[in-house]
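Accompanying notes for the structure given below.
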Amino acid sequence: KDDSLDVYCFFNSSCLQVATVMMKTGFYAVFRDVFQRIAAEDEPYQDEPVEVPGFGESTSSYDEVVGPFYGYWQSYCTARTFTWLDTYDVRTAPNRRVARLMERENRKVRDAARRQRNEEVRQLVQFVRKRDRRVQRRKRELEEKAAESARKSEAKRIQRIQEQKKAMENYEESEWCSMAQLEVQLRDIEAQLDSQFGQQNGVAAEQSAENGAESGSGDSDEEDDPDELYCVACDKCFKSDKAFANHEKSKKHKENVQFLKEAMQEEEELFAGTVQPEEAPAIANEPEDAGNSAVLSPQKAKHKKSLKSKDNENCYQILRKCGLTFNLRRH
């Protein structure tokens with residue numbers, strides 16, 4: 001027989017008021033008794049005793065009483081079996097197959113009744129919770145704490161922004177000060193270096209100027225390294241014999257040398273008819289030197305340039321027609 005407490009009568013506000021007046025103890029006493037009865041109904045069907053949180057009173061602590069109570073009852077599951085609702089008596093089954101079918105149908109009925117009971121009690125819990133002033137008070141406290149926390153966070157944010165602005169202002173001022181100090185220090189260092197090495201630098205500069213004058217280059221923009229190997233045909237410099245030897249074997253170098261020879265021969269023919277007799281020997285030797293070796297040091301290349309007159313423009317035009325850029329001056 002189903003002797004479960006009918007909880008639907010407590011969903012009606014008028015019935016709730018009548019029950020409250022009859023018990024003369026108020027809202028908390030009525031529902032404290034209701035949940036105790038529901039827990040008592042499940043107790044015989046439990047394998048082990050279960051500690052059920054009490055409903056408490058109007059002055060009960062939320063953390064100690066109210067919170068645990070709603071946490072338990074909002075996920076309530078009845079322990080009752082509802083076997084009295086079975087449709088079939090398994091004992092009357094003629095065989096096992098029929099018994100299994102009967103048991104399956106009975107299980108469906110019991111599970112449906114159990115789900116319905118759980119839903120009824122959970123709805124009652126929600127109904128009571130909405131009207132529980134302890135929960136309402138807790139909600140207001142949480143809202144006040146959240147608002148206070150938001151105010152504090154906003155105040156901290158504003159304070160942090162102000163501190164950052166102030167720090168940036170101080171940082172800019174200190175940066176200008178440090179830059180001024182740094183400029184003073186740099187000037188002091190430059191003065192010390194000038195006093196220590198200025199004289200030596202002047203002597204070195206004079207020696208360099210004298211060496212440049214002796215070499216006869218006349219070019220103050222560049223200084224030549226006598227250790228470098230210079231390829232006139234390809235207008236390239238090499239700092240090692242090995243690199244130069246590899247360059248001599250290249251196809252491009254050989255082609256440039258051939259072009260150079262042909263150009264020098266044409267130049268010789270042109271100069272033979274245009275220059276003075278006393279200049280002819282010096283110019284005539286020029287193609288022979290270029291044909292014997294396409295590699296000159298920078299000093300020889302510059303000496304070669306000094307021997308040429310303004311008429312060399314004709315030679316340069318021929319070289320351009322041959323597709324060869326020939327610069328005696330190393331860039």
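Each Cβ is built from the backbone N, Cα and C atoms, and glycine gets one as well.
According to TrEMBL, the feature compositional bias 'Basic and acidic residues' maps to 140-157.
The compositional bias 'Low complexity' feature in TrEMBL is assigned to 204-218.
The domain 'C2H2-type' annotation in TrEMBL covers 231-253.
The region 'Disordered' annotation in TrEMBL covers 138-157 (among others).
Look at TrEMBL and you will find 200-225 (among others) tagged as region 'Disordered'.
Among the features that TrEMBL reports, region 'Disordered' is placed at 282-308 (among others).
Residues of the region 'Disordered' (138-157) grouped by DSSP class, helix first, strand second and coil last, total 20 helix, 0 strand, 0 coil.
For the domain 'C2H2-type' (231-253), DSSP puts the residue distribution at 11 helix, 4 strand, 8 coil. If you take every residue in the domain 'C2H2-type' (231-253) and average the pLDDT, you get 80.
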